[in-house]
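Working notes for the structure below.
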Amino acid sequence: MASKTCSPSNKLRFLLGMVLFLLMNMATAQLSSTFYSTTCPKALSTIKSAVNSAVSNEARMGASLLRLHFHDCFVNGCDGSILLDDTANMTGEKTAVPNSNSARGFEVIDTIKSQVESLCPGVVSCADIVAVAARDSVVALGGPSWIVLLGRRDSTTASLSAANSNIPAPTLNLSGLITAFSNKGFTAKEMVALSGSHTIGQARCTTFRTRIFNETNIDSTFATSLRANCPSNGGDNSLSPLDTTSSTSFDNAYFKNLQGQKGLLHSDQQLFSGGSTDSQVNAYSSNLGSFTTDFANAMVKMGNLSPLTGTSGQIRTNCRKAN
């Protein structure tokens with residue numbers, strides 16, 4: 001007679017038990033839309049109110065907060081590392097080429113963090129605040145909403161080198177853009193959708209000077225108008241809108257601009273320059289709903305990049321420094 005411990009029914013129970021154990025452990029490492037519903041029920045409304053106030057005060061701030069999330073997530077995951085100031089022992093990401101004199105909105109995050117800390121001390125992470133603020137910024141400027149999954153924890157370190165190597169540069173050609181996003185798990189279509197974030201915000205002269213003086217796939221009148229504010233020498237920090245049509249409205253004008261060779265950055269126009277993504281630009285240009293749906297879905301995916309969960313990382317008290 002076979003031993004009870006080896007019977008099929010006991011084996012099945014054991015296997016089911018193992019599956020349940022693994023599922024439970026997986027669940028604890030997953031993000032959840034209701035993560036703060038009992039521990040800090042007013043967290044989301046507090047963030048939204050502060051973002052609306054900041055964007056109402058300065059529309060460009062909406063783009064800045066969205067960009068913070070992007071530059072956070074592309075560097076070792078969505079862990080709030082971009083918020084850390086340099087210390088004697090660590091050089092953070094704020095001085096990296098893509099962020100220096102460029103990344104902004106830190107004070108808004110500070111304000112939100114202090115408000116949330118007064119409500120629920122030590123509960124809401126800086127990484128989650130950045131993720132929610134990005135969504136609320138897009139909504140404040142007329143764009144789509146999406147459910148932000150929550151439960152990210154904050155890193156204790158940052159990486160200058162990773163920020164310099166992982167954030168796509170405005171000088172990239174289409175193949176480089178596709179590779180940079182593929183390295184983070186995004187398809188070319190998702191890359192085009194996420195690039196549509198350039199329907200809001202502004203860029204510094206230093207990022208597009210070469211394009212407006214040297215490139216040929218640019219509308220000549222558009223290039224001439226930009227040169228007045230961005231001369232061949234000087235004026236590095238002079239700003240121009242990424243979307244020449246409606247830079248404070250989250251719409252699909254960015255893609256229409258590309259069709260007319262009015263992309264501000266070299267990397268923008270690369271999406272519509274005779275390559276494999278031309279058809280996707282055409283599709284988003286003619287269908288706003290398609291773009292906003294794909295953008296929202298890609299933002300959820302980006303927010304899921306390598307979060308610290310469970311007991312990893314910490315909940316920073318001050319977003320600018322580790323506890």
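Cβ coordinates are placed from backbone N, Cα and C, and glycine is handled just like the others.
Within 10 Å of the C-beta atom of HIS71 (active site, proton acceptor) sit 22 other C-beta atoms, taking all shown protein chains into account. Among the features that TrEMBL reports, active site, proton acceptor is placed at HIS71.
Residues or ranges marked as Ca(2+) 1 binding site by TrEMBL: ASP72, VAL75, GLY77, ASP79, SER81, GLU93. GLU93 (Ca(2+) 1 binding site) counts 26 other C-beta atoms within 10 Å of its own C-beta, drawing on all protein chains shown.
Sequence annotations record features per position, and here TrEMBL assigns substrate binding site to PRO168. Listed in sequence order, PHE74, GLY176, LEU177, ALA180, PHE181, SER267 are the same-chain residues at least 6 apart in sequence whose CB falls under 8 Å from the CB of PRO168 (substrate binding site).
Residues or ranges marked as heme b binding site by TrEMBL: HIS198. Counting every protein chain shown, the number of other Cβ atoms lying within 10 Å of the Cβ of HIS198 (heme b binding site) is 26.
Taken from TrEMBL, the feature Ca(2+) 2 binding site applies to THR199, ASP243, ASP251. The Cβ of ASP251 (Ca(2+) 2 binding site) lies under 8 Å from the Cβ of GLY142, GLY143, THR199, LEU288, each on the same chain and at least six residues away in sequence.
Summarising the annotation, TrEMBL assigns disulfide bond to CYS40-CYS120 (among others). Within 10 Å of the C-beta atom of CYS40 (disulfide bond) sit 19 other C-beta atoms, taking all shown protein chains into account.
Annotation source TrEMBL lists disulfide bond at CYS73-CYS78 (among others). All chains included, 29 other C-beta atoms sit within 10 angstroms of the C-beta of CYS73 (disulfide bond).
Of all Cβ atoms in the shown protein chains, 30 besides its own fall within 10 Å of the Cβ of CYS126 (disulfide bond). Annotation source TrEMBL lists disulfide bond at CYS126-CYS319 (among others).
Annotated disulfide bond per TrEMBL: CYS205-CYS230 (among others), in sequence order.
Mean pLDDT of the predicted structure over the domain 'Plant heme peroxidase family profile' (30-323): 98. Annotation source TrEMBL lists domain 'Plant heme peroxidase family profile' at 30-323.
For 1-29, the entry in TrEMBL reads signal peptide.
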Q.
Checking the contact step here: among the recorded positions CYS40, CYS73, CYS126, CYS230, ASP243, CYS319, which have a Cα within 10 Å of the Cα of ASP79 (Ca(2+) 1 binding site)?
A. CYS73, CYS126
**Q.** Distance check against HIS71 (active site, proton acceptor) for the disulfide-bonded residues CYS120, CYS230, CYS319, keeping those with Cα within 10 Å
**A.** none
**Q.** Ca(2+) 2 site shell beyond THR199, ASP243, ASP251, criterion: Cβ within 8 Å of Cβ centroid
**A.** GLY196, HIS198, ILE200, THR245, SER246, SER247, SER249, PHE250, ASN252, ALA253, TYR254
Q.
Rank aside, I only need the closest one: which of the recorded positions ASP72, CYS73, CYS78, HIS198 has its C-alpha nearest to that of CYS120 (disulfide bond)?
A. CYS78
Q | Shortest C-alpha distance to CYS40 (disulfide bond) - which of the recorded positions GLY77, CYS78, SER81, CYS126 | A | CYS126
Q) In Å, rounded, how far does the Cα of SER81 (Ca(2+) 1 binding site) sit from the Cα of CYS73 (disulfide bond)? A) 9
Q: May I have the list of same-chain residues other than ASP72, VAL75, GLY77, ASP79, SER81, GLU93 whose Cβ is within 8 Å of the Cβ centroid of the recorded Ca(2+) 1 site, in sequence order?
A: HIS71, CYS73, PHE74, ASN76, CYS78, GLY80, ILE82, SER155, ALA158, SER159, ALA162, ALA163
